[in-house]
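Undergrad: If you look up TrEMBL, you'll see 60-140, 149-203, 212-305, 310-390, 400-485, 496-590, 594-630 marked as domain 'Ig-like'.
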Amino acid sequence: MSSVGNRFSLTSFGALYISDVQKEDALSTYRCITKHKYSGETRQSNGARLSVMDPSESSPTILDSFQAGEVYAGQSIELPCIAGGYPSPTVRWLKDGRPLPSDARWTRRLTGLTISDLRQDDSGSYACEVTNSFGSKEVSGQLYVIEYTITWYRNTEPIVPDQHISIQGQHNDTLQITAAQKFHSGAYQCFASRKGHTAQDFSIILLEDGTPRIVSSFSERVVNPGEPFSLMCAAKGAPPPSITWTLDDEPVVRDSTYKTSQYTLSDGLTVSHVNVSSPLIRDGGVYRCVARNSAGSAEYQARINVRGPPRIRPMRDITAVAGRNTYITCRVIGYPYYSIKWLKDGMQLPDNHRQVVFENGTLRLTDVQKGADEGTYLCSVLIQPQVSINQTVHVTVKVPPLIQPFDIPSTSVGKLMYIACVVSSGDMPIRITWHKDGQLIVPGSASGVAIETKEFMSSLQISKVTLKHNGNYTCIASNAAATVSWERQLIVTVPPRFVVQPNNQDCIYGKAGVLNCSVEGYPPPKVMWKHAKGVGNPQQYHPVPLTGRIQIMSNGSLLIRHVLEDDRGYYLCQASNGVGSDISKSMILTVKIPAMITSHPNTTMARKGQTKELNCTARGEQPIIIRWERGDTVIDAERNPRYSITINKKGDEVISTLKVFCLLIVFGSDLSF
């Protein structure tokens, strides 16, 4: 319900409610305007006028009411109950014959009862009772709160939440993927089930990894000296990559000759240009654009020839890394020339499957090997028949470290731990260091770790394992060729133990209650709560059904949002993590019921001289004291012989009977309790 003024309210079902009607309300014209949810089309009703008359005494009448309805859990509903009558009637709400307990989700309004964040235990029979001094009226209806369950699948396999995927919402209705990776691609299905009925829908997610890729580039060409040319390179990636340029492996620096620009479009496409306004022979060669981001890199190259006498720029010696690919560019400038050839030890290349010579004169060595590929390479450019120019380059091959794979077995507190990292190959010298969770380990008493390192091996020793030693351990080996690493997780298992044990507890009916139970251990223990009804020795425990009303908190405690009588009994908090034995502790929950009137005396009339009885029934925690009042005065039956009050107990109920003798005129509305 929304308020459109101090006296005007608009209900959720479109009715306008005016409280405390004034005569000036008859001067206005009232219209209803609707707006289509999807098309946005609006329509306006015909005008209506209000007739305002002087009030006359009358019993209550129900102007708007409810009957029955089904609503999904988690949603909100308004149960309308609008009454007329003079004097203005009072409104009382009942659920299953009892007054509504205190709950912040239930809001009583002039137009009815609003219930937000519906739960299954909100189902039941609701009654609205309106009363004034001339009578009463009641309307009732049944509310059904529908629970449903949602399960998620990817590629027909159930989804298990992890560091990237979480399932959220009261009914698991939201699947959230953070830091999505390419492997998260697939067909996602959600199944909603209720009472044997199932509905499903699906969505296909296609993800690419963030590694840059060149989507548009330039082609090889021949230009004349002084003839301007422009090269463009476009790449996509996540995050958007940056692009750099080289000419014959030398960085292209922005100056009076080279004008470079770069910008990123809204779709993540990065575009870069190199403009050469007045090229000379030296501006020819192999241009390469390289796109890089945190996920990797991609490159493209092509030769631009500037006409003029050919020659070869001096080439720098190259250091290659064994096992990787290496490119060697013949830095020829000028044009025309007939061909570019590569030779090694007098043999023209390629002479094996790992060597490729491209048309632009670039030599690629795949999976470089130290013995086979190390040496001097000769680039020979044929500029005239029988006339060649040559240039040499020396390739040195460095062998990176190779760490022998190792595992770290799980252990428990107080034990010894020895982890060896052995480098089986690589050029010396080799430096070995250890990291834990990305941080360099400093040996000593503070860390509880000792490290012993020799030429090609290093050992990590822990004399007394504690919980703080849990984590990811990385052995890092580096030499002049490369840096490599090997990482494994050390799991220090700790059996569960109680941090806070459950204790016997009292909770108040209708209020929220928390049954404390907190445990620790590693892996983090799983907590399960069980319930046994009754007040004697517990016979059989059953798992506590977790609903919107009852939930296990993050620390293991049990939260009961709205305590009911059936919640009383024995509770068992049980914890396990697969290490050692399970632990458990029981407690008794006592539900204290506040005094509440379950049967009110009816409004009644009596004649002079007649004796009349009025009954009031209450239940709750004993003792219960029922007091009768007439107006603002407490009725004292011991001092006033016109009244007698008797108390009877029936089970857990207390019935108070007020008997009035020799009545003059008594209206039930003059009595309160």
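First residue shown is number 1, and so on along the chain.
Using the three backbone atoms N, Cα and C, a Cβ is placed for every residue, glycine included.
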Undergrad: Looking only at the domain 'Ig-like' (594-630), what is the mean pLDDT?
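TA: Here the predicted model's pLDDT, averaged over the domain 'Ig-like' (594-630), is 81.
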Undergrad: Give me the stretch from 60-140, 149-203, 212-305 with the greatest number of Cβ pairs under 8 Å to the domain 'Ig-like' (496-590).
TA: 60-140
Undergrad: For a three-state summary based on DSSP, what are the helix, strand and coil counts in the domain 'Ig-like' (310-390)?
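TA: Across the domain 'Ig-like' (310-390), the residues distribute as 4 helix, 44 strand, 33 coil.
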